[in-house]
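Per Swiss-Prot, the features are as follows:
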type	residues	note
BINDING	L12, Q13, G14, R27, T68	substrate binding site
DOMAIN	18-182	domain 'Radical SAM core'
BINDING	C31, C35, C38	[4Fe-4S] cluster binding site
BINDING	T40	Mg(2+) binding site
BINDING	G70, S111, P112, K113	S-adenosyl-L-methionine binding site
Amino acid sequence: MMRKINEIFYSLQGEGYHTGTPAVFIRFSGCNLKCSFCDTQHEAGTLMTDDEIIAEVSKYPAVTVILTGGEPSLWIDDALIDRLHEAGKYVCIETNGTRPLPESIDWVTCSPKQGVKLGITRMDEVKVVYEGQDISIYELLPAEHFFLQPCSCNNTALTVDCVMRHPKWRLSLQTHKLIDIR
């Protein structure tokens, strides 16, 4: 199967539970949602085989691989996850949660969008990009970890205030942007 890849790069995870972890990011092209705050060019990309993806990922020393996008669930299947596991990788995904995922993914970060129906039931962490919306509906999701991330620097104080009022949540900043890395 050919998969449309926007880019593959090595950096530190800058958000959520695994913040600070060295990881290889596989950014897939395309998304089934059109979020106003999204900072990713979704359509650009190169079609790659699993062999090409594994070869690229294997150039870096990290054990952790993060599937991101766009929306990676548009392009992944059990075969790719199995290949990554065979290469000794711990596979994480950052998804909007609208489409089913291979069960063998090691860590699922769901970033649900208000009013959008979820297509997954397993998630290890929930990350909400906060714009002042009611977060109580997200607290019902079956996750162990809950993160609020400011939509922009302009609403960081609003996000901090929300976390202080809702101690189930933790603050997630885009630390990769704060320290000026990818």
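Backbone N, Cα and C define each Cβ position, glycine as well.
Where Swiss-Prot records a feature, it is marked here on the structure.
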residue : record                               : Cβ neighbours (10 Å)
L12     : substrate binding site               : 16
Q13     : substrate binding site               : 22
G14     : substrate binding site               : 20
R27     : substrate binding site               : 21
C31     : [4Fe-4S] cluster binding site        : 19
T68     : substrate binding site               : 21
G70     : S-adenosyl-L-methionine binding site : 27
S111    : S-adenosyl-L-methionine binding site : 19
P112    : S-adenosyl-L-methionine binding site : 21
K113    : S-adenosyl-L-methionine binding site : 16
Query: For L12 (substrate binding site), what is the secondary structure state per DSSP, taken as helix, strand or coil?
result: strand
Message: Please report the Cα separation of L12 (substrate binding site) and G70 (S-adenosyl-L-methionine binding site) in Å, rounded to an integer.
response: 19
Field: Rounded Cα-Cα span from K113 (S-adenosyl-L-methionine binding site) to G14 (substrate binding site), Å
entry: 20
- request: Do me a favour and check the Cα-Cα span between G70 (S-adenosyl-L-methionine binding site) and C31 ([4Fe-4S] cluster binding site); whole Å is fine.
  value: 5
Message: Please report the distance from the Cα of C31 ([4Fe-4S] cluster binding site) to the Cα of S111 (S-adenosyl-L-methionine binding site), rounded to the nearest angstrom.
response: 13
Task: Take the C-alpha atoms of S111 (S-adenosyl-L-methionine binding site) and R27 (substrate binding site) and report the distance between them in angstrom, rounded.
output: 16
- line: Q13 (substrate binding site) to K113 (S-adenosyl-L-methionine binding site), Cα to Cα, whole Å, comes out at 21
Field: C-alpha spacing of T68 (substrate binding site) relative to K113 (S-adenosyl-L-methionine binding site), in angstrom
entry: 16
Task: Taking only the Cα atoms, work out how far R27 (substrate binding site) lies from P112 (S-adenosyl-L-methionine binding site), in Å, as a whole number.
output: 18
- request: Name the secondary structure element type, per DSSP in three states, that contains C31 ([4Fe-4S] cluster binding site).
  value: coil
